[in-house]
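J.: Sharing a structure below in structure tokens format, with a few things to ask.
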């Protein structure tokens with residue numbers, strides 16, 4: 001028990017520095033924006049959606065079905081909201097628990113001694129686990145490992161009690177249930193059933209390959225046959241249910257996720273897929289270079305047989321075959337053991353035990369004997385199974401290393417990554433056992449005390465180095481900026497692009513732009529990076545450049561709805577209404593099939609329709625606007641905030657004088673967001689129009705209360721007061737509005753108009769002048785400034801503004817009439833005019 005506690009304590013201690021870490025990388029989509037974690041989402045949705053919140057049967061789903069992990073995230077969210085501390089705490093505790101269970105499992109193979117201790121400490125400290133433990137989404141791998149080990153330990157108990165206790169099938173039931181739970185944490189958990197079969201055949205029964213079929217069908221080995229058959233049946237059921245639940249279709253991924261899968265060359269695909277397990281093993285052996293992402297060109301394709309990395313592949317598979325051969329070549333010392341207690345494969349008889357080299361190497365746990373007397377002769381009857389031989393442990397370790405890794409090899413279907421460090425969490429158990437049993441064999445082999453000490457201190461040093469590397473790597477996972485900077489040398493395109501997002505969120509605009517451009521230098525066709533750079537430029541009023549990058553993004557990925565959306569908004573603001581209309585329409589017609597994030601796509605499509613409706617609204621095409629708004633309501637995803645859309649529906653109905661319908665949609669807007677200020681203002685106008693003055697005033701005042709710094713609220717309230725002939729109050733509201741939003745033309749212009757209506761002409765002149773400076777080429781602003789100057793007796797300035805307005809709009813009848821009246825006054829006063 002001491003080994004388990006110490007190993008767990010080390011696993012806990014090494015990851016304590018992750019408790020202060022933030023959400024990083026995939027955590028954002030799996031937790032921060034995952035609607036399945038929210039209390040308003042029915043919890044049953046977890047069992048129909050994938051890990052990222054997309055419907056599992058959707059063509060764009062990653063098919064990653066991990067409901068128990070998502071359920072744990074939801075519990076975290078219910079208790080602590082989006083405080084990352086609690087999420088990290090659960091991950092660390094799970095890792096400590098897995099470490100303890102792995103040490104307990106190792107004890108069943110290695111005995112209660114130094115080598116079990118070494119295996120546990122190595123697993124606790126291995127740096128390959130940092131992504132799984134420090135990254136919150138890695139909880140799927142850690143949770144799957146927990147139930148993987150529980151299932152395996154239950155099966156070991158089943159084997160040891162088979163034929164002696166009725167409870168043996170209770171242990172088998174535990175094996176099946178834990179295997180199912182492991183699969184519901186992460187898909188590879190189901191492979192524990194295959195590992196259990198390997199344990200039963202090669203470790204517990206110590207069969208070699210050619211003995212399996214003849215032995216398993218013998219009557220006395222019926223229990224072995226039954227166990228293996230049930231494991232196979234249950235595994236088939238789990239896999240069948242899993243495939244059915246995801247719609248019997250494999251997931252689809254982009255070229256950048258797994259470039260080899262998209263390669264046209266069969267040779268390149270074959271050589272690369274054969275090489276990748278070699279690269280994964282190297283990460284286990286020497287986890288010096290780790291990265292948050294290994295997609296894109298992080299591992300260049302092997303395109304020819306002359307690529308020197310093929311030597312690594314040959315060496316890897318040769319070593320693997322050699323290990324397997326060494327583990328399986330020795331003949332079984334007892335082929336038909338039927339689970340009986342063994343000492344070195346032979347039943348102990350007449351009280352004598354045989355100590356071969358194999359037994360010596362496993363002498364940490366000796367069999368216990370109970371005395372019983374038969375015919376006056378005292379015999380010793382073995383009570384428990386002797387520890388497995390080194391060869392047996394090698395076979396089991398290889399199965400632990402290889403079988404859980406098989407789903408990630410692209411053997412049965414293409415996966416959405418090149419290398420994923422967290423996928424190695426379960427296979428690392430086999431690796432740690434292999435290293436431990438190898439060190440133990442070397443320790444036994446050498447005779448000199450100095451060499452034995454060298455083996456001992458070398459393994460201890462390795463564990464120390466692993467622990468130090470883990471602590472350092474945890475520092476990279478403290479926040480996204482540190483994580484992405486650490487990944488630049490491995491995957492520069494992805495790392496620079498993600499770093500640009502972080503720098504932009506920190507308002508480091510020039511650094512963010514530089515990061516985006518660096519990402520595009522390494523990979524120029526990344527649609528997301530082109531879009532992000534365009535968005536950055538748009539937000540900094542560099543509209544021509546932004547349009548250029550949006551068009552490049554659309555060219556790289558024609559289904560990128562958000563790029564169409566922002567392109568249309570820029571065109572609409574530039575007055576290019578027909579181009580904007582075509583862009584919005586094209587966006588609205590893009591289907592959501594095979595898209596990585598269908599929720600984000602639907603949101604962008606809904607926003608495109610909303611803006612198209614606004615465009616029609618501004619053109620006075622209210623019926624068309626309503627039709628587009630209805631389509632937007634039909635297409636919007638459940639997480640879309642609909643208050644602005646509902647409010648615009650109300651506006652359109654109000655312009656069509658359909659007041660009951662308008663009131664309905666204003667109320668819908670307020671129901672969806674009770675503090676939505678535009679709905680308070682528009683509904684207030686409707687109430688005033690229908691004679692409910694006191695109610696209207698309450699809504700205007702509520703809007704001001706919600707945001708006292710918003711000039712538009714004072715403007716609408718002032719307009720209401722003006723219509724009620726409360727001129728003094730209206731004038732105060734107008735001044736307040738113009739002071740707060742002195743850069744907003746509409747607010748300033750309307751304030752000036754209200755002050756003029758309140759006969760406060762001097763104040764009105766001040767704001768008409770400001771409005772004309774905000775829009776120097778807007779005829780109405782110049783005409784109104786001319787009119788107030790005319791009223792205030794500043795005739796020559798009034799003439800100049802009238803003339804400028806007529807240059808911009810020569811056929812304006814009101815301006816022409818005002819100018820003629822002005823000239824008459826100027827002539828009467830003997831002032832020079834520009835009439836001639």
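Backbone N, Cα and C atoms are what each Cβ position is placed from, and that goes for glycine too.
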J.: Is it the same side of the membrane for residue 107 and residue 675, going by what Swiss-Prot records?
T.: no
J.: Transmembrane segment per Swiss-Prot sits at which of 28-48, 49-69, 133-153?
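T.: That would be 133-153, the stretch labelled transmembrane segment in Swiss-Prot.
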J.: Looking only at residues six or more beyond either end of the repeat 'TPR 3' (561-594), which have a C-beta under 8 A from one in the stretch?
T.: 58-60, 252, 527, 530-531, 534-535, 538, 543, 546-547, 550-551, 553-554, 600-602, 604-605, 607-609, 611-612, 615, 619, 631, 635
J.: Report, as numbers and ranges, every residue of the chain located at least six residues beyond the topological domain 'Cytoplasmic' (99-107) whose Cβ falls under 8 Å of a Cβ in that stretch; write 'none' if there are none.
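T.: Distant Cβ neighbours of the topological domain 'Cytoplasmic' (99-107) are 3-5, 7-8, 10-11, 115-117, 119-120, 123-124, 146, 149-150, 152-153, 156, 429, 432-433, 436.
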J.: Which residue counts does DSSP yield for the repeat 'TPR 9' (779-812) in the helix, strand and coil classes, in that order?
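T.: Here the numbers are 27 helix, 0 strand, 7 coil.
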J.: DSSP-wise, what's the residue breakdown of the repeat 'TPR 1' (493-526) into helix, strand and coil?
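T.: Going through the repeat 'TPR 1' (493-526) residue by residue, I get 27 helix, 0 strand, 7 coil.
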J.: The repeat 'TPR 9' (779-812): which same-chain residues, six or more beyond its ends, come within Cβ distance under 8 Å?
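T.: Residues 745, 749, 752-753, 756, 761-762, 764-765, 768-769, 771-772, 818-819, 821-823, 825-826, 829, 831, 833-834.
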